[in-house]
Structures are given as C-alpha cells and as structure tokens.
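Annotated in TrEMBL:
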BINDING   GLY10, VAL11, GLY12, LYS13, GLY14, THR15, ARG127, VAL136, TYR137, LYS197  ATP binding site
BINDING   CYS130, CYS133, CYS150, CYS153  Zn(2+) binding site
DOMAIN    127-162  domain 'Adenylate kinase active site lid'
REGION    30-59  region 'NMP'
REGION    126-163  region 'LID'
Amino acid sequence: MNIILLGPPGVGKGTQAVIISKEFNLCNISTGDILRESIKNGDDFGKKIKHIVESGALVPDNMIIELIESKMKENKSYDGFLFDGFPRTVKQAEGLDKLLERRSEKVDAVIAMNAGDDIIIDRLLARRVCPQCGTVYNLLTNPPKDGKHCDVCGSELIVRKDDNRETILHRLEVYRESTAPLLEYYKDRLITIDGSKSVSDVASSIIASIGRFSNANG
Ligand code: AMP
C-alpha cells in the first residue's frame, strides 16, 4: 500500500507521517527531512539546494525525482511507502507514477489534510525542532519540558530557517500555485481530513479511513 500525505506546510503532515507509517509498517519518506539532512551534512547536493529550501521555493523536480528513486530502492522490509511532502507538483506526481509502475505498483490513497491559514501560521511560528535528533515540538500544543531543550536528547531547540512569517507566506503561495493542483490529479483516491484538530484526533481519523480503504480494496 502506497500512501501520500498532501496538504499545506504546517498542517501536521510530518507529525502524522511518523504515527501512520508505524501503524501500517510503511517506509516513511519525507523529502523535506532528506533535504535538510543534506544541508546539515554540507554535501554537494546540500550546498546546491540550501538557498532554495531556506527561501521556501521548490527544489527542481528532476532532483527530487532522482532522490525519491534512490530512497525507494532502499526499502526492503516494509509493506509500502508513505510519502510526506512529495509529490509537490504535477511533474513530480507523474514521475512517481512511472517509478511505481516499474514495480507494478501505484499510489493507492492520498490523504489531503487541510486547515485555515491562521492556524497554519500560528503553528509554524510556534514550531521548534531539535537539530540533533529531529524531534519536533510546538510551544503551544506540545512544548518541551523545560521550554528550550529536547526532551529526548537534551540539545537546545532551534527555529527552522523557513519558519519566519515572510517565508511562511511565500510557502503558502507556492503550495496554492504548484501543489494544490494535485488535489485534482488524485481526485479518484482522495481522503480529506480536517488537520485543525488535535494530533491524536487527526491520527485516529487517518487510521480509520486507511483501514476502511484497505478493507474495501482487499
Ligand atoms: P517541508 O519540510 O516538507 O516543509 O519542506 C521544506 C522545504 O523543502 C520546502 O519548502 C521546499 O523548499 C523543499 N522541499 C521539500 N519537499 C520538496 C519537494 N517534493 N519538491 C520540491 N521541494 C521540496
């Protein structure tokens, strides 16, 4: 079973991806995480894309598709893929269809998460991440115990470079222009979820709808 988590930045895709991939034994591929890891490592690819990611623009489709192709080869023991933050353009969606076709597979379901801009902006401004282990917090809804350090590894938390108001507004614009057309592309397998609810309520809705979907499709 191959599933896509689709939705604007800050709607909670990354948080849900961790929960859903565990629940259904899916290989969680987050392009944003992979790109940030490259930037942190300072490898050639990371150097090329740093300014693009930090400005909130999209990394070119051919680079992303190559990256996905190599990540998909690493998957051995899972029951499918969960894509978080990919595809982000129709070109990427067509590229993914081709990659899956080669494996005689397809995109089975697309979870479209939505929430109003006000909620999204507030969430992104309150997001803090651990630069060491990647754990994500929210100062309002899921704060670290001491307000500053990672509960898991103790590192000082940081604000993502693209989580400032100006870049957030740009990312929302990019979403509407380049990514929202995917709602039409995938209209025959779309499951719409209200992302404004609590993390556990959203997770329960997604798990229930994937369960219903997989029962109906054998
Ligand atoms: P995210 O962590 O999903 O919010 O992604 C952070 C940033 O990484 C985006 O604003 C883009 O600059 C870049 N990015 C992540 N995924 C993609 C993708 N599928 N295509 C192009 N750029 C991407």
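Note: Cβ is positioned from N, Cα and C throughout, glycine not excepted.
Overlay of TrEMBL annotations on the structure.
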| residue | record | contacts (Cβ under 8 Å, 6+ apart) |
| --- | --- | --- |
| GLY10 | ATP binding site | ALA115, ILE119, ILE120, ILE121, ARG123, LEU124, ARG127, ILE168 |
| GLY12 | ATP binding site | MET113, ALA115, ARG123, GLY195, VAL199, VAL202 |
| GLY14 | ATP binding site | SER30, GLY32, ASP33, ASP84, GLY85, VAL136 |
| CYS130 | Zn(2+) binding site | VAL136, TYR137, CYS150, VAL152, CYS153, SER155, LEU157, ILE158 |
| CYS133 | Zn(2+) binding site | CYS150, VAL152, CYS153, SER155 |
Taken over the region 'NMP' (30-59), the model's mean pLDDT: 96
For TYR137 (ATP binding site): DSSP state (helix, strand, coil): strand
Residue distribution over DSSP helix, strand and coil in the region 'LID' (126-163): 0 helix, 10 strand, 28 coil
Three-state secondary structure, which DSSP defines for GLY12 (ATP binding site): coil
Neighbour count (Cβ, 10 Å) for CYS153 (Zn(2+) binding site): 12
Other residues, Cβ within 8 Å of CYS130, CYS133, CYS150, CYS153 Cβ centroid (Zn(2+) site): PRO131, GLN132, GLY134, THR135, ASP151, VAL152, GLY154, SER155, LEU157
